[in-house]
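Peer 1: Dropping a structure here in structure tokens format, bear with me for questions.
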């Protein structure tokens, strides 16, 4: 796919939330479109482009943080009315900026998600879904977990109202009135829903979803049960999905799928020769892509992809060629329009510099006064703490509207920090005496200049639960910091299951292949029940065969890590032999293969430096927990177990587990 796109920055507003930017329908066939965007300052801004400059159409006064922005209007007419959700209120504006609606829903929770269809309004708060028609309450549903997005299948195609909820517990729920019609489990927590091709496809029942761990899928929401059409894994380990759109950027009559991620990646997929989309183009922005939509904004006749980012930048990736002309010399000659734009930017920059100097002098003079009060600057943090199923690690993402200076991590339970390729910060870890002060981890990340996003990988230990705290300090004056807290759960590496027997009352029945999982549950439930003075009866039925089964499940991973460690250990000696002999012809094929794969082996070992120790820890816990259920303390035999693991043999390890008592 030959697609050359050029980036153009149009305007910057305040910090933006997910899905808060839209393009108004064009007034003519070849006319450019207006952009409308809402920010966390509560301001709705509408602008268009004229001669390369952003020209405001209207701008509202500041107010409560805008969580969602949608377009609406009568069915089968241009959707050009603007609706914004802020707090528990929904406001409506015309395309000229006149407010025609102020609907207070009286919800106890702030609105997180919104969808408009004709006179129907669909809202999702944290756990509560509400449906209104002409601002009158129609239906209500209490979700089992947080609602991340809400959608309704096109009424004009299906002649019935079918709401769809994306919920944090990895489930898409389909409703009928106030009742749950059915639910579908998806590979990750769904964060965004959108209609396929913008209209639900030919049937009107096709819904695209994106997850917080970066997966994409298409499901058909039929009247009886859902049908999964296709699914794309996040093989490149990129960020979560925040926004999606379908737009024909190639102009070939087939709409491409446009994806915006929270790590700044913008991706374009097309369906050429395939049932599922194939990645054809990608572009890296420096911060989260909160909204994306295809259209024509900058110049008529040139389609583009409009994006908004977390810090409020509205940019376009346009098909318009860059305006450069060859001069008589060796350089490039700018067009008259570009020269005027550069001159205008220089004048604006000079005025800003003068204004900054004036305000700095004014601040310094006022700070010398005895009555002066220093104002603490406020700043927004966009954070995410999620479990990665593939490598059993947690991803902590911190994004700030200003450049980050330092991030201090403190944790009261043992955790390990893992290197992230995208992370250029310098880390300093302090040795802690855990028991006296409750600090198992103290680490400081010093960020490079202009770093606004920091991604960290954290390895937890199941059974050790507590709180991770992040102290975030941006490069602002006077110095200030915000603290964010994240819970490390007892079964931190487990995920929720949705196969539940709903007939049982007042009891829980837990099954696992791993005895250590049951041991952790037993200890935590007993501790919490004692704390709350609840009478709790716990009985355990242990199957001895499960221990050997768990060891066999661990075996491939342990064998791979041991082989990797052995190969890395041999590398230095093999390289020395190669340098001494001048070639590798004298080596056996196995050793030659290690030298050929040296770069990949070192890279893989660097990515997982503590994997072997974690596997040893799991086996040790399994050994202790097996005999703990029998009432036997075998901690004195742990050194012998570690010796066997040092010269690992699966049969010897299983024999040791069977014979120890």
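Glycine is treated like the rest: Cβ placed from N, Cα and C.
It should be emphasised that the depicted structure is a prediction, and the values quoted were computed from it without experimental measurement.
OK, TrEMBL features for this one:
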type: DOMAIN; residues: 21-319; note: domain 'BBS7 beta-propeller'
type: COILED; residues: 335-362; note: coiled coil
type: DOMAIN; residues: 377-486; note: domain 'BBS7 GAE'
type: DOMAIN; residues: 492-541; note: domain 'BBS7 platform'
type: DOMAIN; residues: 544-657; note: domain 'BBS7 helical hairpin'
type: COILED; residues: 588-615; note: coiled coil
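On this model, are these features tucked inside or out on the surface, and what's nearby?
Peer 2: Along the coiled coil (335-362), the predicted structure has mean pLDDT 82.
According to DSSP, the domain 'BBS7 helical hairpin' (544-657) comprises 93 helix, 0 strand, 21 coil.
Residues of the same chain lying 6 or more positions beyond the ends of the coiled coil (588-615) and with a Cβ under 8 Å from any Cβ of it are 391, 416, 418-419, 459, 461, 554, 557-558, 561-562, 564-565, 567-568, 570-571, 574-575, 578.
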Peer 1: Under a Cβ pair cut-off of under 8 Å, which of the recorded stretches 21-319, 492-541, 544-657 contacts the domain 'BBS7 GAE' (377-486) most often?
Peer 2: 21-319
Peer 1: When DSSP states are grouped into helix, strand and coil, how many residues of the domain 'BBS7 GAE' (377-486) land in each?
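Peer 2: For the domain 'BBS7 GAE' (377-486), the helix, strand and coil counts are 4 helix, 61 strand, 45 coil.
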